[in-house]
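J.: Starting off with a structure, shown below.
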């Protein structure tokens, strides 16, 4: 989710608390829905596999490799898209300076400089691991997955037959568009919107292809690890990198 501009330690703590509550809420709502469905005579199980807690189709190793490759690809795309977006914003007279992410990254860099033994594992744990895990559960496992299933179910009910290739693609684009738009908007950085939209669409495709949260999580973690590495190296004064 979007980060704030205050004390980075307090921000990371609030991210952990908020994301933990959000993840628990999603799981509890899922189980409540299953309970209601079973009371109505339907037979879904309580397994979290429907949310993506399942091995990737094609095997874990292949899914993991696909996830890391997608993360690297998205990072390379963002290195092209972000400067273009900044240029377009400046030409249109809109502010292109980061007001949320950049101050937060500077705060993290300062924390690494002051207390690396605490800051480095905390930043890696939250920004690279915990944050992406919860965001994938929310945006791909719950929102995208739920809307995608609902769209196909509604088509089946209306047409009285399974959806063909065209309706399936339309359902994917609709679900991916809504969930990706929310994902990008919640990062509160207009200049990053195009790159985040592309990244989120790639994560939806990855989830749909593998049926698992593992590949999109690894893609997300790989994507975040680049900026995290720069922050840590800059905080340790090993490199001079503006953030």
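Each residue, glycine too, has its Cβ placed from N, Cα and C.
Keep in mind that TrEMBL annotations are predicted by a computer and have not been checked by a curator.
Taken from TrEMBL, the feature transmembrane segment applies to 12-37, 66-89, 119-139, 192-208, 217-236. Positions annotated as domain 'CAAX prenyl protease 2/Lysostaphin resistance protein A-like' by TrEMBL: 122-225.
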J.: By Cβ distance under 8 Å, which residues at least 6 away from the ends of the transmembrane segment (66-89) in the same chain are close to it?
T.: 56, 95-96, 190-195, 198-199, 202-203, 206, 209-210, 214-223, 226
J.: DSSP on the domain 'CAAX prenyl protease 2/Lysostaphin resistance protein A-like' (122-225): how many residues come out helix, how many strand, how many coil?
T.: 92 helix, 0 strand, 12 coil
